[in-house]
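Peer 1: Not my notes, these are from Swiss-Prot:
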type: SITE; residues: Thr56; note: site 'Part of a proton relay during catalysis'
type: BINDING; residues: Thr57, Ile211; note: pyruvate binding site
type: SITE; residues: Tyr117; note: site 'Part of a proton relay during catalysis'
type: ACT_SITE; residues: Tyr143; note: active site, proton donor/acceptor
type: ACT_SITE; residues: Lys171; note: active site, schiff-base intermediate with substrate
Amino acid sequence: MSEHDMHLLDSAPFGRILPAMVTPMKSDGSVDFAAAQKLAKYLVADGADGLVVNGTTGESPVTHMDEKVELVRAVKEVVDVPVISGAGSNDTAHTVRMVEQTQEAGADAVLVVMPYYSRPSQDGIVGHYKAVDESAEKPIIVYDVPGRTGLKVKVGTYDRLAELEHVKAVKDATGDLAAAVEKQQRTGLAWYSGDDGLFLPFLSIGAVGIISVIAHVASNPMQQLVQAFDRGDITTARRLANQLAPLVHALNGDGYQAVMAKAALKVKGVIPSTTMRLPNIGPDATQLDKAEEGMRAAGLL
């Protein structure tokens, strides 16, 4: 294994298992910061060594700037692992403001999604991240999720993004393992899987960890999986991946990850309410049952 490959495997600047944390809300729809602190402590105790707040699973499209800032502060108060804040938008100026304010609140890094809906050119993508980079003081994680953004980012564009001072990592939710290999080799950026079902395959091509939905209730076995992989015990890693497969399907299969993550946490008694803000709707009885069945099949209940 080359020195570069070892760097990809060993350099996990924000942790290995990072739940994309839901934002607990009270029955009136206001953010429940006390419940968020309880959840953050639970996740770390269960094995998470980094947390992502204000991401898609955290209902970032419907939470406001002051709530995002306060959530970062609240979580930072109670955990001693890296706290990454989502700070992405399809409006570059708004993205810059979010980056500045969440950094000031104490975020250890920012997760910046590709500018969705607007469908900019490759030059526009680079311009977006360059503007963010110029205002950043903390590391930037590029979030590539074409299913939500409608963008296909070329390998050459990744080369240009990697030249920016604060761009240090990628959350890859493209599902394209072959392209990920080339992008990693060319950029040297730390790579995080953005897909629970592809965690082990992404590890096999050099990813350092995952930003995950199922880690809300499965951080411990996911840590066991990555540790088994690190020591070369692929049989155990594969067994754990197969064990978690029903949970992956239960929480991700219908595409309502934020809803199902809250369902799983409610079943486990970790959050008091599954309230969500429209256009998302909290889980119904069928979804709660599905979350419970997925956890039970994965040996987590």
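Note that Cβ sites are derived from N, Cα and C of the backbone, with glycine treated the same way.
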Peer 1: What's the CA-CA gap between the residue listed as 'active site, proton donor/acceptor' and Ile211 (pyruvate binding site) in angstrom, rounded?
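Peer 2: Roughly 10 Å, rounded to the nearest whole number.
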Peer 1: State which of the following recorded positions has the fewest other Cβ atoms within 10 Å around its Cβ: Tyr117, Tyr143.
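Peer 2: Among the recorded positions Tyr117, Tyr143, the sparsest Cβ neighbourhood within 10 Å belongs to Tyr117.
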Peer 1: If you count other C-beta atoms within 10 angstroms, which of the recorded positions Thr56, Thr57 is the most crowded?
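Peer 2: Answer returned by the neighbour count: Thr57.
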Peer 1: Can you give me the Cα-Cα distance between Thr56 (site 'Part of a proton relay during catalysis') and Tyr117 (site 'Part of a proton relay during catalysis') in Å, rounded to a whole number?
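Peer 2: The separation of the Cα atoms works out to 15 Å.
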Peer 1: Between Ile211 (pyruvate binding site) and Lys171 (active site, schiff-base intermediate with substrate), how far is it from one CA atom to the other, in Å?
Peer 2: 7
Peer 1: Within 10 Å of the Cβ of Ile211 (pyruvate binding site), how many other Cβ atoms can be counted across all chains shown?
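Peer 2: A 10 Å sphere around the Cβ of Ile211 (pyruvate binding site) contains 29 other Cβ atoms.
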Peer 1: Rounded to a whole angstrom, what is the C-alpha distance between Lys171 (active site, schiff-base intermediate with substrate) and Thr57 (pyruvate binding site)?
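Peer 2: Between the alpha carbons of Lys171 (active site, schiff-base intermediate with substrate) and Thr57 (pyruvate binding site) there are 14 Å.
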Peer 1: With every protein chain in view, what's the tally of Cβ atoms within 10 Å of the Cβ of Lys171 (active site, schiff-base intermediate with substrate), excluding that atom itself?
Peer 2: 26
Peer 1: Reduced to three states, what secondary structure does DSSP give the residue listed as 'active site, proton donor/acceptor'?
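Peer 2: For the residue listed as 'active site, proton donor/acceptor' - judged by DSSP and reduced to three states - the answer is strand.
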